[in-house]
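Novice: Following this message is one structure expressed as C-alpha cells.
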C-alpha cells in the first residue's frame, strides 16, 4: 500500500481539500547531514540486486516526498563514500495513483535494477535528471545534495529516483561460505544501527523520520532472502523476493539478510530461520517460548502490532548480540550455547516491539528512551514468566557490570548521562553502553515506584504506546505524559524532589540516583557472595576446601557468571588462589557455555596463569564471534601475553571476518610496545599445557550526583 501525500485530491474534485494541520518537523539530529526538517518522507521503495562474488549491492531507490516549505532548492540525504551514485532523477507523482513503483531487473551484471511506474491517466510519467554532489560529513558518512527543479511546491508529492551501487559498506556484511556454519553458500546481512544504513541506501538517517517501505530483491539461485517487513512473497517465475513494511519505521530498522537459511515454526506467529545445521537446536530452545513471551508482553502493554515475530540466527561474524529489526529479530548464533542469555536477549528484543520500534527516540542523544524502557519491559516480562527471583538475579548481574564500567570511565564521564549532548562528528554507535540500558532502566523503575508499583505503571505505558505508536519522541514527551496520566503526582511536584529531580536523572553524570532493592533475588545472589568470600578468605587451604564442597554445576548461568565477574574484579589474585580455582573449576567450566568460559579465561589471562593458556588457545581457535574474541585479545595485550596473542591470531585469522580481523590487528598493534615486534615464530613456552517479599513495592537505594559535561570525540575512545 503506497502512502498518500496530504495534498492529493479525489478525481473530479472542484477544489483542493482542506489542508490538514502541519506536522511538526523532525527533531534536529546532529548525527544526520540531511534536510529532513524540510520534507515529509511518505514511503521509500528499494530495488536491490545482490552480487556476492563482487561483494556488491546494486540498488534503485525511490523516495516519495512532500516539501514542507515552498520552493525548496535542494534535498540533502545522508550517504556514504561506499555508495557510488550513477544517476538521480525527479518525477512528479500522480495525484491519483496509489500504485507503488515496480522494478524491472536487467540481465545479471548489466547494471542496477531499473524503476518502472504504474502511471495514472493523464499523469506526468517522464522523469528528468537532477544534478547532485557528495560532500564529506563525518568519518561515518557523507552528505548527498540533490538540486530540485523550481516547480516543486509545498505539500505537492514528488519522487526522487536514485540508482547506485554499494561496495565495502559498513552496513553490509558479506561472508564467504567458509565463514558460515554450513560452508556451502555465501551470506550477507545488514546492520543499520545506529547510523550505518546511509551506506546501504541514501536516506534521512535519523530516528526522527519514519516511513513505510517496500522492496524487490534479486539474489543468486538457492539463496533465501529475508527483510524486516510485515509482508513477503517469493515469485518463483521472476526469481524475485517482494517485501512490504506497512508501518512507519526509521531508516536504521530497514534490514536484509540472505543466505542458506531454512525455516521452522515455533509458534502460531513465529518461526526461526537458521542454517540447516543449527535449525534443530534453535527450534528446540525456542519452540513455544516466544509465543509465551509475546502473550505476556501483550497483557502488559497492549496488542503486538507487527504481525509476525520471526527470528533469524546469523553467523558468528554478526557484530552485536541481537538487533530488534521489526518482524525479524537478528541474533547471533553463538548465543544458542547459553539458555539463560538466549532467553534474556530474545525477550529484550520482543520488548523493543513496543519500546524502540513502535515508539522511538527522536535523536541518538536520548537512546535510553528505547533501551531503558525496553530493559524495564523485558524485566516485567521475565517476572511474569519466570518469577521475581530470576529477574532480580539478572538485574544484579547487569548492575554489577554497570558499576564496573563506572569505575573504568570515572563518575564524571559524560557518556554516563542519560540525556547526552553530542558534538558533531561523534558516532552515536560509540555511545552504546550500559548506562543507556541500566541507568535508563533505573530511572524508569523509579518512575514506576512513584506511581505506586508496576501494575499502575503498566497501565501508563500501555497508554503511552497507544498515544505515540509509529512516531518518534523526546524525553519530555514521556515525562509530560507520565505527569498527565498521574495528575496527583504532578500536584506533588515529584519531578522536583530534592536529589531525585527528573532533570538531574537526565543530565547528571555518574551512577543511577536510585537503584531497585533486589532482595527478592537474595536466595540466588547470597550463595554467589558467600562463595566469593570463601575464595578471598584466609587461610587459603581451609577456604578452598570449604569452597570446593559447593556444587556450582547446579547453579543458574547468571549465578556462575556473577561469581566469575567478582573474581575478575578482584584480579590480579594470588597465584595460589588461581591455581586452586583452576584445580577446582577449570574442567567443569570447560563444559559450560561460552559466556561462562570466556569469564574464566579472562581470569586466566589477567592473572598470567600459564598452565591454563591452552584453554585460551582452544577457545580462540573455535570462536569467530566479536563478543568472545575481542575481550580476550584486549586482556592478552594489556598484560604480559602479547606474543601469545600474536601467535594465536596468526593461526586463526583466516577464519575471521575481515572487519573483526582489522579490529584485532588494531588491538595487537596498540598492545605492542616500541621494543616488541610482531613475530610469526611460535612461543613454545606459553601454548602448552531473606528480604521484602512484596514484588510491587521494593525500596529504592539512593546514589550521588556527579557533574555533567558535553560529549566530544575524546570521550568515546573507551571500550564500553
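Including glycine, each Cβ sits where the backbone N, Cα and C put it.
Feature list, courtesy of Swiss-Prot:
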- 349: active site, proton acceptor (ACT_SITE)
- 321, 322, 323, 324, 325: substrate binding site (BINDING)
- 671-708: region 'Disordered' (REGION)
- 437: site 'Transition state stabilizer' (SITE)
Novice: Excluding 321, 322, 323, 324, 325 themselves, which residues in that chain have a Cβ inside 8 Å of the centre of the Cβ atoms defining the substrate site?
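Specialist: Leaving out the recorded residues gives 320, 329, 330, 331, 349, 352.
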Novice: Does DSSP give residue 325 (substrate binding site) helix, strand or coil?
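Specialist: In the DSSP reduction, residue 325 (substrate binding site) maps to coil.
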Novice: How far is it from residue 322 (substrate binding site) to the residue listed as 'active site, proton acceptor', counting Cα to Cα, in Å?
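Specialist: The residue listed as 'active site, proton acceptor' has its Cα 7 Å from the Cα of residue 322 (substrate binding site).
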Novice: Do any residues at least six apart in sequence from the residue listed as 'active site, proton acceptor', in the same chain, have a Cβ closer than 8 Å to its Cβ, and if so which, in order?
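Specialist: The list for the residue listed as 'active site, proton acceptor' reads 322, 323, 324, 329, 331, given in order along the sequence.
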Novice: Measuring Cα to Cα, tell me the gap between residue 325 (substrate binding site) and residue 437 (site 'Transition state stabilizer') in whole angstrom.
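Specialist: Their Cα atoms are separated by 18 Å.
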Novice: Around residue 322 (substrate binding site), how many other CB atoms lie within 10 A of its CB?
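Specialist: There are 20 such Cβ atoms around residue 322 (substrate binding site).
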Novice: Around the C-beta of residue 323 (substrate binding site), how many further C-beta atoms are within 10 angstroms, looking at every protein chain?
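Specialist: I count 25 other Cβ atoms within 10 Å of it.
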Novice: Any same-chain residues 6+ apart from residue 437 (site 'Transition state stabilizer') with CB under 8 Å of its CB? Would you list them in sequence order, or say none?
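Specialist: For residue 437 (site 'Transition state stabilizer'), the qualifying residues are 368, 371, 372, 375, 398.
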Novice: What's the number of neighbouring CB atoms sitting within 10 A of the CB on residue 321 (substrate binding site)?
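Specialist: Other Cβ atoms found within 10 Å: 19.
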Novice: What count of other C-beta atoms do you get within 10 angstroms of the C-beta of residue 325 (substrate binding site), across all chains shown?
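Specialist: So the number of other Cβ atoms within 10 Å of residue 325 (substrate binding site) is 28.
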